[in-house]
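The structure under discussion appears below in the form of structure tokens.
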Amino acid sequence: MNAMLETPELPAVFDGVKLAAVAAVLYVIVRCLNLKSPTAPPDLIYQDTALSRFLLKSCPLLTKEYIPPMIWGKSGHIQTALYGKMGRVRSPHPYGLRKYLTMSDGATATFDLFEPLAEHCIREDVTMVICPGIANHSEKQYIRTFVDYAQKNGYRCAVLNHLGALPNIELTSPRMFTYGCTWEFGAMVNYIKKTFPQTQLVVVGFSLGGNIVCKYLGETQANQERVLCCVSVCQGYSALRAQETFMQWDQCRRFYNFLMADNMKKIILSHRQVLFGDSVKQPQTLVDSDLSRLYTATSLMQIDDTIMRKFHGYSSLKEYYEKESCLHYLPKIYVPLMLVNAADDPLVHDSLLSIPRALSEKRENVMFVLPLHGGHLGFFEGAVLFPEPLTWMDKLVVQYTNAICQWERNKSQCSDTEQAASGQE
């Protein structure tokens, strides 16, 4: 009799289990997609100057909320994965001419040159010199999207193809791109300056490219001549500080490290004959034992220590990271500099963001922009599910450079007016 009375309660128990399971799944989804995270304008760190006030007035994106796609856009991992897997949505195909430059060591640097598709807002000749992220080049979708947008805003664009990154271009010397080598970028900039003597430059770097362009500008004052401004997006600032965080599992950085190392291995091995061949004769040349260690490498640090540092004769990984990072060159940049990172970037540990934060608190020419969301080079926008082709990052970079161009034009006009007035006196 007691058993018969208890059986009707079993379905209620099962319903409770189902509800608990559904609640647990929903909780995991909300946590993983970060759905409870608010949208807000980016955090800005800057000195209160006439230039910064002009930028805040002229760049609405600096003070507006960045609103990512509602369902998945608040997850830095999904933003990063979408950038890594598909780059951009409905990416255009800008037409450019490929240029080849022979370096002093026999390497052949390449870059693609894209002419403007509209008149610039200040009706001047302005060229964006662009350095992509690690192992990237002008054919990557996020680069194509940005270049097309810049062209339509009146900019000529020159995009460096990292040495060894293009699958159809063979190496002509036993050397590839490295974390901070500025030789190829410098050669591209010098070509632009010589070919277009009237043009002014806007320097743009994405991820690893951000490190290269900042290091290039800080290496010598001459590198900043004719440069209007510089924009760095999603770089880590110090490889030496970053190496420990890249081996940690929080935010899945160790997993991302493994994926990037695997991609680097494929690129290096695709140039195996040139890098490891018998005809290679140079100091600290790569040997068969290096090739064996490369096969077993599971992190970028192992590849850097085994292969990359030896291209420039560094005696240790620590020396390589110290000298190839832009950290010590940032204070030597005097042109307007905008440093952009995302707070939820799974590749750039929060501790590294103290570098741009401290710099922008001390230097009047630096503005640090930190939105809550965006991941690593994601910054997708969209209503609910599907992202728009153009990202917040693309718009911000062009908006900022337009404002800097206008600022410089206003200064020039004021100077001309003052000279004319003093002449009349």
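Note that Cβ sites are derived from N, Cα and C of the backbone, with glycine treated the same way.
Feature annotation from TrEMBL assigns active site, charge relay system to SER207, ASP345, HIS376. Among the features that TrEMBL reports, domain 'AB hydrolase-1' is placed at 127-383.
Structure coloured by features recorded in TrEMBL.
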residue	record	CB count, 10 Å
SER207	active site, charge relay system	23
ASP345	active site, charge relay system	25
HIS376	active site, charge relay system	26
*If you measure HIS376 (active site, charge relay system) to SER207 (active site, charge relay system) at Cα, how many Å is it?*
8
_Distance from ASP345 (active site, charge relay system) back to SER207 (active site, charge relay system), taken between C-alpha atoms, in Å_ = 11
